[in-house]
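Report on the structure given below.
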Amino acid sequence: MPRITVALIFGGRSTEHEISIISAKSIAANISAERYKVIPLYITHQGTWLCEGIARDILNLDLSALLRNSSPEAAAMALDRMVEEAEQKPFNLDFRAIGIEVAFLTLHGTYGEDGRIQGFLDTCNIPYTGCGVLASALTMDKALTKLCVADAGIAVAPSITLLSAEYHADTEKVHSRIEEKFIYPFFVKPANLGSSIGISKVHHREQLPAALKSACSLDSKIVVEKAITGREIEVAVLGNDEPEVSVCGEIEPGSDFYDYHDKYIHNSAKLFIPARIPDEMQSEVRSIALKAYKALGCRGMSRIDFFVDEKRGTIVLNEVNTIPGFTDISMFPRLMAASGHSFPELAERLLQLALETLRP
């Protein structure tokens, strides 16, 4: 039986570029070589597509160690230097010419998780892993996600949405609007970034200007959100028409909240699978996750995050990630493993779910 040719697409123009490479490396190691021929396609920070040669070299880097021992900026410079020294011609994006039959997407964040690459691949009639255009775009925007799931009867944290232009036009007015709505502490978040990039927990007025400046420098829209107390609970959802929900996992942050450095550099958070909440609450979380998955029109996969306060009995949806991380410390593959899907089985299932969506 001939092997199916898979384009493993990674890198990209987002601030999560390096995490995307680490995810792709994990996926490459777990796709069956007997059933699939993997062609790595690397997108540089500047948006240039590179195939095979340099793409494979970058895939083999130990970026996890580089991030731990230096900084995201140093890692980005090292990658750009590799590309420059390779002097490889860009890939011409003719997927059919090299026999690509399906794409495995490990692009995190802007330009990869927000519906843009999905729309491009739909135009090329190339099936791909994960959600389609609409669900990808919708879940990328934290403000729109809240509106959609709240309409389905799912609890979300109280929030307001601001435009960066409003902040730059009248900073004091924005400060006043926020303080009229919330008591400290609260969160300031870019609306369209992942991996907790640009998120600040603001404990007092002196921290507010820097938090807003940081978020506004990264996105044209920001979300200011009430700080919810409770355990951080995550579930993985896998499937198209008949999705399955994993066991619940729990994250105990090593810092004030589970931010980028806690996730990928310090690695100080503690993970618990199953989560340390009563069985009946786990069942309710899983039920709400499935409801959200369907309300948002998801397919393929998503990781859905909650805040759970067992004393009050409250379950609040935090966010939905349509291309979750596949690194060694990522919750999605761990949750699926705890639910009976080994990493190779998970990679196989995701590719099969992608192929199911192929239109004649």
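We count from 1, first residue shown onward.
Cβ atoms are placed via backbone N, Cα and C, with glycine included.
Per Swiss-Prot, the feature ATP binding site maps to 179-234. Here Swiss-Prot flags ASP305, GLU319 as Mg(2+) 1 binding site. Per Swiss-Prot, Mg(2+) 2 binding site is recorded for GLU319, ASN321, and the stated evidence type is sequence analysis. Among the features that Swiss-Prot reports, domain 'ATP-grasp' is placed at 146-352.
Annotated features taken from Swiss-Prot, shown on the structure.
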| residue | record | Cβ contacts under 8 Å, 6 or more apart |
| --- | --- | --- |
| GLU179 | ATP binding site | ARG205 |
| PHE186 | ATP binding site | ILE178, LYS201, VAL202, VAL224, GLU225, LYS226, ALA227 |
| LEU193 | ATP binding site | SER14, THR15, GLU16, GLY109, THR110, LEU218, ASP219 |
| SER200 | ATP binding site | PHE187, VAL188, GLN207, ALA210, ALA211, SER214, ALA215 |
| LYS221 | ATP binding site | ASP141, ALA143, THR161, LEU162, LEU163, SER164, PRO190, ALA191, ASN192 |
| ILE228 | ATP binding site | ALA157, PHE307, ASP309, VAL316, ASN318 |
| ASP305 | Mg(2+) 1 binding site | GLU232, ILE233, GLU234, LEU317, ASN318, GLU319, VAL320, ASN321 |
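Highest Cβ count within 10 Å among the binding-site residues GLN207, SER214, ASN321: ASN321.
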